[in-house]
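Working notes, structure below.
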Amino acid sequence: MRILRKINAAAQVFAMLLFLCPLLLSAQQRVYRSPHPGWIAEPALQGGRPEARKITEGYYIKLYDYQVHVEQQVAYTRIVREIVAESGVQSAAEIRVSYLPAYQRLTFHEVVIIRGGQRIDKFVVGKFQVAAVEGDAASYIYNGNHVAYLLLDDVRVGDIISYSYSISGRNPVFEGKFFDDIYLQGAAPIAQLYAAVLASPSRPLYVKTFNGAKQPVTSTANNLKRLVWEGKQIDAVRYDDYAPQWYNPFQHAQLSEFASWAEVGAWGVRVNPLANSAGGEVAARANALLQAAKGNLMDFAQAAIRFVQDEIRYTGVAIGEHSHRANPPEKVLLQRYGDCKDKSLLLAAMLRHAGIQAHLVLVNTHLGARIKDQLPSPYAFNHAVTAFEIDNRPYWIDATFSHQGGTLATLYRPEYGAGLVLKPTESDFLPLHAEGEGGVFCRETYDISAEEVALATLRVETVYTGHEADATRIQFTYGSIWDIEKNYLDYYSRFYPQIERIDSVEVIDDRGANRLTVIEQYRIPAFLVKNEATSQHEVGFYANMIGERLPSLSGRRTTPVAVNYPSDINYTIEVKSPHGWNIPRENFFLDRDGYVIGCTTSTHGDTLKRNYQFRYHKREIPAAQSGEFASDIKTITDNQLSFGFGVNLATSARMSSKGISWYALIYTLLVLAGMAYFGWRLYRRDIPPKIDMEEHFIYERIGGWLILPFIGFCLTPIAILIFIWNDRYYHPGVWNVFQGTPYNAVFKSILAFEFTGNLVILSLAVLCVVFCLRRKVVLPALAVGFYLFSFGIAFIDFVLMQTVALPSQFMLSDQSQGMRELIRAFVVAAIWIPYFLFSSRVKTTFVK
């Protein structure tokens with residue numbers, strides 16, 4: 001998109017934080033100190049230092065120790081860092097621990113520096129700072145997350161920093177069920193790793209490992225089973241930019257007490273139950289919408305969706321149990337805000353009140369359908385939507401979207417892959433595939449002035465459909481027109497610094513069809529910039545709408561490439577010039593498994609058109625195809641996205657003159673009169689047939705293969721007239737473009753030759769049509785002359801292009817086009833000249 005959404009969120013965030021203050025102050029925010037828990041195992045430091053080339057931040061993890069006591073709801077962590085370079089002092093000397101004080105307590109056990117074998121205690125309670133850090137505040141979601149941090153002083157190269165802490169407490173919304181995801185690799189090298197989980201033998205724990213991680217070693221002692229992972233000299237994991245959100249190359253192990261997804265679904269139904277009918281304000285609102293829809297459930301559902309999406313703002317206070325427990329629909333309706341589960345539950349309640357079966361659906365927007373590969377647990381989900389049925393047709397809606405256009409059947413739904421439907425009976429996964437995707441159709445029209453040097457106007461018409469229309473509609477809904485116009489102007493000012501806006505942005509929104517049109521108009525005073533070296537005025541273009549959707553890839557990759565999916569763009573740059581064009585038609589097209597891009601350059605009269613078509617077929621490009629993708633991007637960027645041209649205004653001014661060339665018109669009449677006289681004389685010649693008419697069957701009309709050359713004779717005059725008009729032979733500026741220069745005589749000679757040749761070919765084609773219809777004996781000879789003359793003109797024209805030096809932008813045709821014309825004329829002559837000379841059908845048709 002060419003505009004960044006500019007919404008001043010500072011005031012809203014500040015107001016929300018004020019609202020949250022009583023909640024946060026009531027939660028435990030202190031940092032405590034206590035001895036190490038007695039239940040932990042204390043592994044001795046055994047890992048050696050990793051190779052120096054593998055240490056990237058000036059320090060490495062000497063020990064990572066993570067132990068969980070499931071029954072006591074405590075997670076213990078010990079981290080030991082060794083600083084090996086000056087760059088590591090800054091980053092290793094800061095200790096940061098995140099926790100949720102609504103139900104968790106943070107207790108430190110030690111913070112020490114080991115220097116020369118001496119332990120220096122650095123734990124001072126008063127030096128710890130605790131701050132609320134809301135990672136999702138920009139999305140207006142607040143979960144009460146806090147960070148305790150300590151900045152160590154007097155830290156030196158060679159120091160070993162060791163700190164340990166415990167976080168106790170678990171969110172009661174999970175009803176005492178345990179699940180966790182233990183990472184056995186990190187972004188930095190780990191010399192030694194120890195991870196353990198302690199639980200009652202009667203508590204079922206399911207384990208699943210990923211990316212080659214080993215199964216835990218299990219033992220039992222003190223009426224507790226212990227699952228242990230250990231490792232030494234664990235390399236850091238590196239992955240490339242533009243990796244998909246689902247991509248996780250780290251070795252890790254998931255643990256869960258949930259035996260199946262159905263069990264997770266049953267938990268979800270208990271936490272977020274749905275009644276069959278609503279009451280209070282929810283019922284009143286549903287009844288009003290149902291009455292407005294006159295009982296039509298499709299219309300009612302769409303009205304309910306628009307109400308929840310547009311009038312219930314997406315804001316959530318997901319503190320404590322409300323991380324997964326939705327607020328009651330009645331409360332959400334009255335406060336007019338809620339997070340994904342709040343809004344989805346409210347929508348489901350309104351639909352159920354009208355007799356529509358609706359359910360909450362849990363999804364993972366990053367994993368998509370890959371969620372089924374995870375170990376069942378509530379931890380697997382990060383979002384909620386609503387699913388329902390009308391007339392046995394399933395629908396699903398993301399209630400956190402707003403200002404969507406289209407009908408219930410055409411509303412945009414992203415590719416979520418699969419979602420767990422929460423039903424009282426048995427929950428199961430529902431396919432959630434993308435629907436209602438749209439595209440962008442943009443046309444930029446530059447009109448170069450014929451009166452004012454270097455001036456141009458620019459008109460931009462952009463049509464957004466589907467999800468693109470939804471996104472643009474949100475920008476115009478929440479952003480000010482002033483900001484949007486400024487952003488649009490800034491976008492083009494990167495290419496044309498002196499650009500000025502002519503009029504306000506015009507917006508035409510057909511929400512029912514989900515089609516939104518934006519029209520912009522600009523004036524560019526210095527559109528053509530003079531190149532002092534060539535004395536030409538030049539301008540360049542860049543298809544940024546395409547370029548901004550291409551990732552910057554370099555080197556060999558081992559990870560897939562996430563792309564800006566869905567993208568479907570039809571982008572046209574039109575340039576209207578009074579100087580005309582002589583640019584050959586070009587086509588470029590790439591059709592790959594994951595994407596398509598095409599570029600076509602053409603001219604028609606005074607208009608140059610360059611059209612781009614670009615589309616992604618999937619959300620990511622596999623790693624095995626990333627090399628080809630990178631090569632294609634380079635080809636596209638280097639050869640297709642940029643183009644430009646130069647104009648010599650001194651000579652082009654002559655081409656801008658108006659009127660008609662009377663010399664060309666009189667010359668045309670003389671040539672046509674001469675050819676008409678030639679035809680009349682030829683028509684009157686009495687030539688006997690070349691066969692004995694009494695011994696042969698005589699054809700009374702054109703037939704057989706003769707139909708094809710006859711059609712060619714008929715179409716040739718039309719084609720030549722279009723060619724003469726487009727190349728402006730009757731425009732005085734074309735003939736005088738090199739007046740007063742060394743090129744004048746040779747240019748006019750070439751122009752006159754091509755002009756005369758085309759007029760003669762046109763006349764011969766007309767005569768061939770007349771003689772064909774009259775079945776004149778002389779027609780075969782005339783047809784042979786027509787083909788030979790056409791080939792001769794093409795041949796001489798091609799030779800002239802190879803030998804005569806003229807400025808390239810004023811050549812009448814390019815060399816590749818000349819070669820194509822020569823080959824075409826040769827092939828046509830090679831086919832039809834023998835036919836007219838030797839065909840019995842010809843001899844028995846043309847007998848008059």
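Every residue gets a Cβ built from N, Cα and C, even glycine.
As written in TrEMBL, here are the features:
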- 73-237: domain 'DUF3857' (DOMAIN)
- 288-390: domain 'Transglutaminase-like' (DOMAIN)
- 662-683: transmembrane segment (TRANSMEM)
- 704-725: transmembrane segment (TRANSMEM)
- 745-770: transmembrane segment (TRANSMEM)
- 777-801: transmembrane segment (TRANSMEM)
- 821-838: transmembrane segment (TRANSMEM)
Tally of residues which DSSP labels helix, strand or coil - the domain 'Transglutaminase-like' (288-390): 54 helix, 20 strand, 29 coil
For the transmembrane segment (777-801), sequence-distant contacts whose Cβ falls under 8 Å of one of its Cβ atoms, 6 or more beyond its ends: 682-683, 685, 687-690, 709, 713, 750, 753-754, 757-758, 760-761, 764-765, 767-768, 771, 811, 813-815, 818-819, 821-822, 824-826, 828-829, 832-833, 836-837, 842-843, 846-848
Among 662-683, 745-770, 821-838, stretch most in contact with the transmembrane segment (704-725) (C-beta, under 8 angstroms): 745-770
Integer average pLDDT (0 to 100) for the domain 'Transglutaminase-like' (288-390): 95
